[in-house]
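Student: The region 'Disordered' annotation in Swiss-Prot covers 1-33, 564-602. Residues annotated as transmembrane segment in Swiss-Prot, with sequence analysis given as evidence: 43-63, 123-143, 156-176, 185-205, 212-232, 251-271, 282-302, 325-345, 386-406, 410-430, 451-471, 524-544 (among others). The N-linked glycosylation site annotation in Swiss-Prot covers Asn317, Asn580. The compositional bias 'Polar residues' annotation in Swiss-Prot covers 564-585.
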Amino acid sequence: MEKAKDSLPTTGDPVPSQGTINPVDETGGSASDEKKAKKGCDFWFTFSSLVLTAFLSALEGSVVSTALPTIARALEASENYVWVVNVYYLSKYETWLTYLLRFSSAAFQPIYGQLADLWGRRWLTIGAVVIFTVGSGICGGATSIDMLIGGRAIQGLGSAGINMLVELILCDLLPLRERGQFFGIIFMFVILGSVIGPFLGGILVDRVSWRWVFYINIPFSGVCVVLLFFFLHIKNAGTGNFIDKVKRIDFFGNFLLAASVGSCLFALTYGDTRYPFSDTRIIVSLVLGLLGHVAFMFFEASPWCKEPVMPMVLFKNRTSAGAYIATFLQTLVSFWVLYFLPLYFQSTQLVSATRSGVMLLPFSVVYALSSLAGGALTTKLGRFRNIHFASFALMTIGMGTLTILNRSTSLAVIVVLEMIVALAIGVPTANLLTAIQAALPDELNALSTGTFAFLRSVGTIWGVSIPAAIFNNRFDQLLPELSDPTAVRALQRGGAYQQATSEFVDSFPSDVRDVIISIYERSLERVWQIGIVFAGVGFLVIFLERDLKLGTQKKTEDIEINDIPQTAADNSASRPNTINDTASQAPILKQRRSTNQERETV
């Protein structure tokens, strides 16, 4: 591993993979790029099962929201009902893992990439779907809140693997240039699942039973398992016996990363809400979290870490490093908007929660469609850098336009602004992973995908925590303008976020109500202003990327799906399976161009 860290280049040039090289034309593509192989039944059955599993995973993240009150009453959950939501995302996103008493396992999101290299994709994917299905069954049959929480934890563990492995398998099956359009389809269904979840949950609770919020996954997940078993055949497991493989897992790195993220999020979540930011617990948590991240990076790059779960070589290439940062910022901004637009609708426009969901539909629909369009555009052009430039530029402008929102903004203006921001956020969603892998060798696909999924997950949570902290801090600064003591007590120290409903605001006299709305308007304005900075940093980060040409050929020596094209890999005796093998080939690889990773001078 030490050789790998030292041997792989630290420049902006991608590291080509080993294989027979097709003639390269003057545009950087191979002469055979124009001919695309047709995809047969094996591929489409596999892809359909991946789409369905990703959709179900996203659906379960939101479907419970409208069913929670009914579930809480049925199981007499009282205040514990919140864990039904939190426990799902804890195991999935590795944030509060260190605080979750019911979990003793290590962090799962990044480690799935390492497990995929050691044991292969096929059985790991089937196992993740089975775990998700078992968790759904436990939740549906729950007779106590503790049983329900345990089932949600199991669901979350399965969902963590599904989200990462779906993307990784597509990387195995498709050349770089074709990945964008298929990622676009996947993300469109993921967004669709997140959007329709609350509506479906309400219908199932009203018409059938809250238990079918969970039972509905079982038949569809069963179909996915059958399809994956018969049609997904990828042989890329590592060598060695079970004990040897277990020894290669980066347990300490995973633990250190989870603890660091959890410590930072504790400070962001409870700072200025439960405790003031000057409180020792908040300061210590934030400092320990930041130091933990630094320690994690040093450990991953050190000789003590033989098999890093997040090797620093992923970030030594300027294109992959820039795309990773852009991934984090794009996800952060998307949830920044997704969570605070509804708050604006209810606290300032004074609409109901149901009406707020309807008003958010333009954002959700355009977000899904633009994700699909962005992936297709990447496949069409064979490049990604200019797409990222345009997207983040529009994202920065879009966040700026949100600062004009107030109580008198018309619905037409709101819809237009939503669509602008959604278009900007959605277009790069399906091609950021492609940009990362265009600059890295295929041997790093699993680890690069695991890191991509982790940064996206962290961006999801920070995209809520950071603007919430900004909002609460600004609201408390403006709160002295409010003279009503009842309103002050309800709104201070984080209460403003919880009380952002039309019912609460309308419960006060008109003069007090006007002041409350004004404070909400100015607090949200600060949220959008800081959001401009994050989007702007994303635009600047794109300058790190090189304008790489995406190839249309895929080496398939490890893939048994018959309709996947056989190209340069047919003449390759063996492909390096470990980073060390890749490093040993580095002097040769630097002199060659891969069929799907061509270098270009920008």
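Glycine too: its Cβ is placed from the backbone N, Cα and C atoms.
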Student: I'm a bit unsure how to read this: which one of 43-63, 185-205, 386-406, 410-430, 451-471 has the highest number of Cβ pairs shorter than 8 Å with the transmembrane segment (156-176)?
Tutor: 43-63
Student: Against the transmembrane segment (212-232), which of these stretches has the most C-beta pairs under 8 Å: 43-63, 185-205, 386-406, 451-471?
Tutor: 43-63
Student: Please tell me whether the transmembrane segment (123-143) and the transmembrane segment (185-205) touch - that is, whether there are at least 3 C-beta pairs under 8 Å between them, with each pair 6 or more apart in sequence.
Tutor: no
Student: Before we move on, state whether the transmembrane segment (524-544) and the transmembrane segment (251-271) share at least 3 Cβ pairs under 8 Å, counting only pairs 6 or more apart in sequence.
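Tutor: Answer no, regions not in contact.
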Student: By a Cβ-Cβ criterion of under 8 Å, what residues six or more beyond either terminus of the transmembrane segment (451-471) are in contact with it?
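Tutor: Residues 89, 92-95, 109-110, 112-113, 163-164, 167, 257, 261, 265, 268-269, 271-272, 310, 314, 324, 327-336, 338-340, 343, 432-433, 436, 496-497, 523-524, 526-527, 530-531.
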Student: Give me the stretch from 43-63, 185-205, 282-302, 325-345 with the greatest number of Cβ pairs under 8 Å to the transmembrane segment (410-430).
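Tutor: Ranking 43-63, 185-205, 282-302, 325-345 by Cβ pairs under 8 Å to the transmembrane segment (410-430) puts 325-345 first.
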Student: Looking only at residues six or more beyond either end of the transmembrane segment (282-302), which have a C-beta under 8 A from one in the stretch?
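Tutor: Residues 5, 250, 252-253, 256-257, 259-268, 270-271, 275-276, 308-312 contact the transmembrane segment (282-302) from elsewhere in the chain.
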Student: Mind checking which residues of the chain, 6+ beyond the ends of the transmembrane segment (185-205), have their Cβ under 8 Å from one of its Cβ atoms?
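Tutor: Sequence-distant neighbours of the transmembrane segment (185-205): 50-51, 54-67, 70, 166-167, 170, 212-213, 216, 357, 361, 364-365, 367-369, 371-372, 375, 429-430.
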Student: Counting only residues 6 or more past its boundaries, what in the same chain has a CB within less than 8 Å of a CB in the transmembrane segment (325-345)?
Tutor: 351, 353, 355-357, 359-360, 363, 367, 388, 391-392, 395, 399, 402, 405, 418, 421, 425, 428-429, 432-433, 435-436, 452, 455-456, 458-460, 462-464, 466-468, 471, 497, 500, 520, 524, 527, 531, 534-535, 537-538, 541-542, 544-545
